[in-house]
């Protein structure tokens, strides 16, 4: 389709505008080829004729459809051009308050000049792990993409942040680093990520300053490399800086400041440590007061100074070095106040005892006389001798400023070096991510060397950017196998060659700097001679010989040559540097200059503007000493070119990610968009170049499935084929005739620019036509139906109404005739009477009104006449005064101006008279002056004509006005005479009226007095009667009121008491929940530290037990039968280590002791928190007791909770006692013996130290005072023990730690341990991956195993019915059949893979050998049993013979003797299990460690392990063996912890042990003997209660364990559900055809079409069913299941809502319908499972309201009120965010107006809710374990043989 065909009526286009850059307009008629003018209508309604360019005939750019406006990615726009980009950015920024937008691979960030709540840790967690196109654009998305690509591709990454000053580059780079620090964490205990973030305040204080554009402008560029290890955790960082602006140290423009650090020093001058610096106010120093703006609004410099010092301390800069830095900075300030006095024109001197110089010399530690001398002199060296030459005052001031800049630059470099040392990685760096925060393209009115270097750097970066974009486009086309044609893009290599090539600008500048008499003018002439008219990018200004113009990629820039040579040389007098180097009192000062001869520091040589920095060392010259100072100085341009090449090499070796920062306005107004400024920056930063490259190819890309889903409406049924790809091809060939407009790739369809808009237009037209047709049909049917119903009703009504009307009409006729007769006479009478009355009243009113009007008219005429006279004189006087004043002012101004021009001309003439070129210039300018004079004469003639015309017009108007005024005067005279006569008549009438009024008043007064006397008597009588009645009624009412008050008071008291009781109960419950939540969080923290301790213990054991070379290491996941978790410290034997491992052992032990001290500190903090919890519990118990005294009976659940809290406190106290005993044992072991053989590895003291150390770190409840005692004892032993004889003595460890800290070796001491840790973690990851791979196969086998289990049960039931001999035969036959089927199955399975089949055969042979061994054992057992059976048979035979002898023969019956089964009488069991003490570990192993929930445990009674353990505890209680009870319970708890640690990622395992732990806890309560727990027991169960021990403490421990298991269960199900939620709840299209698919950009968004492997809502429901069935199968308490389901639904709702709030593409009407449908499916699941009362539905309320918010109307104030009342579960921030993100998918939907959002904000401003945007998806509700007694009798429980517990017996 031709592009011109899109320019039809109502099509919208963009036209240029000088103010708004681009304006939108609408075509009023179709465009036809050949038309020269377009008929347009602007948005404000104005019609316009737009003329086309006659040469190019280029049509204005088309506007995108409304549904594409506001897209996340600019490349998703159908029309890609400048106005579309600008409009999209503006809509997102102003309307939606979105500051980030993708433009292909570029993230465009617009500075909002306002703090936004989009950078919290919750936002970081939301973006972590997400694909870049799935979430809304954000700096975190770019950082996540870089982090992900680094880990996936194992390639270094770079984030390039550029933009103007004030655009937000520094903030963007800071947030990117914060993201890396938060997501990756640190690989060591040194908190490297905190140090990386701490470097920002230091660098901002010394490198940032206030400018007119930005309050915190970075005056240098920096590239920070953040290093990562192999596990992609931060291990260090390194910083490179570029172009520090040194000139700011000595000069600031108006409204600007020096670097922040100077003002921070001045603000902190009153601190005691800064007294010696002798600082003062910033306005006192010359270097800080030039800008006139020493204070930044909203910034406290003193507070910032505290932050800077804290950051220095964190980065290892000691206090002494910090004070040295501050001394140097203060010295720079005092140096700036040094003044010079001129002796003559060529020399100057410093005033004697000059205070600023004295302070400077004192601070620097140098001699005053020497410094004063060299400030005013310089040394000149020739080939033979040296001269000392005085310098002028101007040169002295310049030398002073150069010295100050040089000192500051070296100090800046020194600080950067120390920051890099602090951030240096102790281990090898595996990869890095670089963050480049660099200045953007700059152009000012006066551009100098600094702007030249900056724009040169931007040229290089732009070239790299263009090549990268071009490469990505090419890779995409090649990947999709699309014909690739070369895209013409701007290549700025010629510009770069002009600058850096041989004989380029920099080369000529360096050459000129080497010339003895080189100058800026001569350099400019060389540039003209070399490049003018030879290079198209180089130009010469018309009116200047000292400037040149370079055409950069963004704009033309004119550079002034003045100062280029001086800034490129950057000369500082060596004598002044030598004086500073000679300082002996100040050690830091010589350090700044000591490396100048050896290594060229990045900041040592810099221009008077900015300093380029590099890390490349330069070898010193080995020539003569005098030659060194010359050779080491390279020009600034050369250094900058080298550092820039190094940067480009680094960037080219990484994968770049681009962030372009845009400054929306120059006034720092929040959310204000200046189109002109934005377009300038978009052109300069390369965004439009990216658009141009994309638009040149195929910018719009759709997958075949997305295209089919979107444009299915354009296809007919016969066009739809089974192959989606072929279907799309057929349809496109029909819709778009020009095949060049699209291309078919492997997985996508590529469209030219504008084709998607054309398809959208066709789709919209078809949908609109279909809608009209549907509406037409439905409306016709409805109207016909309504018409038939109305017609039938109308006929019925007409029949009745017409009859009624006829009857009424007859009656009306009769009455009308009578009424007319009556009306005739009545109306006559009324009219006659009204007429007479009106006539009299009218005559009276006319008389009064006419008199009043005449008087008013007379007064008005009189006032007007007087006013006219006054105005005449006043206006004349004012006009005369204004004329005289204006005349005087004009004359005076003319005199002043002429005098000034004459003086200027005279001065100019004098100057020109002296010049040789005078006559030439006069001759050159003569023609211009003649033309100017001619132009002035013409203008004066035009002005003269206009003045004449104005004068004639004024004369005409004056004559007409004069005649008019004369006529008015005559009329006024006549009216005045008439008024005088009327006035006399009025006065006489007024006198008569006054007399009549007095008579009337007198008569009325007499009448009134008589009436008053009569009324008074009557009133007094009535008042007396009424008073008596009132008194009577008052008495009655008082009585009733008193009765009512008594009743109301009683009722109020009762209600208030009840209400108060309910409120107190609710408050107590809330407090209890809060306490429970705090306690459970504390348990969670405890378990986390416990796991950390276990990992450290495993690492330490591994380090202790390192095998010899060649010995195979045991896998760390191998399960041991011994318990690793004990409450008491047990001494275990360690393996002996060879003596050659002595040194590493010392390092490991030393680091363990440091860890020990850290844990001691953490323990003291937790102990304080525990004490506060105890106080809080005591207070709650007191409140509970007071409430109990008021109430008659207490709810049983409250008593249980109080008991729960008291048991918790008792348990914590008992643990503290244990820990205190263990510390005493540790002290004793450390102070016992000091001999080498005692303290060597493997000795008891060494083992005690390790065991006690791990025990203390596990429990975390040790006392701080005892740690101090232990440390003092260790220090006291330091001198008594020799280091060479001991390895792990505590005092030597402390000494070694101190030494290592001094030497900086403490980080390397842990290398061996960390390597082992990495090895273990890699093994753990590999095992986890293998476990996940096996998980799916095992799940597939579950069903088959269940079916096999059912068959086994059926066979077992059949076998039990057979005789014993047949049973064995049947079982053997079944086993043979099973093995045969299994062999056949595996033969078929591995038929294609002989290696796997061979491995299977080997495993089968091993299994057969094991079976044969078992068979032999069973044969031996059978033989023994047969022997015993024979012996018993003989004994029985002897007894039967004896009995037969006593029986008579007649009693013997001749019948065949059959074997008879004699039933044995069951023993009366007591519900106890007996085991030997040595079998305890075996019991724990078989029942806990090796019990598999998916295998044996599936067919058990729910909670059977808990019942077995309790029955064993009962037996120990029965024996009164406290040691056995304690040991069994401890082993049980540790076994459960161990199995959960080993298989903690398996939901079934965690659920199984949560159920059994709760059942064990309930058994301990049920059989505790307490009355509260025995209510539901049977008498037999009450007999089974514990008799000897109170296990309340262990009940508390089990409760804590259950809480930990519950939290672990929540984490497991969260990990399982997390990948499903977003895909199933948001992305999957549950209701097909509702959600529309919008075109995607370069950042591919996750499609809503369900592909293979994607999760759907059914996946979530299946997973919920799986969770529920597993929990029910394990016999979990119903209340606990409800809490788990509530937590699951909260996770689903929170994750879904958080993603909705961060994804603009999901906020639409159709998506709201999808969400509501999905939520209804979840509610249906709750109803099916009878879980509606679990509180799970309430957790989905925020998500439901968000979905409703997407669907409701959003226009009027009534809609706003409805939204405010409906969305009570959403915060204000969430409501506003959803409204801002709301995006129409179809043209029928409308956008939310900004005014409507403002209305919502105004209505919700009084709502007090959290400002947090996202929900806390990690929140875990506090869990409770309500008592649930079991009805199962203990004596009836059978122990299956499958458990392998044959060593225990029932009692």
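Cβ coordinates come from backbone N, Cα and C, glycine included.
All annotation found in TrEMBL is predicted automatically rather than curated by experts.
What TrEMBL records for 8-60 is domain 'Myosin N-terminal SH3-like'.
Proximity of residue 165 (ATP binding site) to non-local residues of its own chain (separation of 6 or more, Cβ distance below 8 Å) is seen for 211, 213, 214, 217, 218, 439, 440, given in sequence order. If you look up TrEMBL, you'll see 163, 164, 165, 166, 167, 168, 169, 170 marked as ATP binding site.
Here TrEMBL flags 916-1099 (among others) as coiled coil.
Marked as compositional bias 'Polar residues' by TrEMBL: 1117-1128.
Under the heading compositional bias 'Basic and acidic residues', TrEMBL lists 1170-1196.
According to TrEMBL, the coiled coil annotation covers 1321-1362 (among others).
Among the features that TrEMBL reports, coiled coil is placed at 1408-1435 (among others).
The domain 'Dilute' feature in TrEMBL is assigned to 1530-1806.
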Checklist entry - residue 169 (ATP binding site) has how many other Cβ neighbours within 10 Å of its own Cβ? => result 27
Checklist entry - Helix, strand, coil residue numbers for the domain 'Myosin N-terminal SH3-like' (8-60) per DSSP? => result 0 helix, 24 strand, 29 coil
Checklist entry - Tell me which residues of the chain lie with their Cβ under 8 angstroms from that of residue 164 (ATP binding site), as long as they are six or more apart in sequence? => result 213, 440, 441, 442, 661, 663, 681
Item to check | Winner by Cβ contact number (other Cβ atoms within 10 Å) across the binding-site residues 163, 166, 168 | outcome: 163
Checklist entry - Name the residues of the same chain, 6+ apart in sequence, whose Cβ is under 8 Å from the Cβ of residue 170 (ATP binding site)? => result 204, 208, 216, 218, 437
Item to check | Count of other CB atoms lying within 10 Å of the CB belonging to residue 167 (ATP binding site) | outcome: 25
Checklist entry - Do you know the mean pLDDT across the domain 'Dilute' (1530-1806)? => result 85
Checklist entry - Excluding 163, 164, 165, 166, 167, 168, 169, 170 themselves, which residues in that chain have a Cβ inside 8 Å of the centre of the Cβ atoms defining the ATP site? => result 111, 214, 217, 218, 440, 661, 663
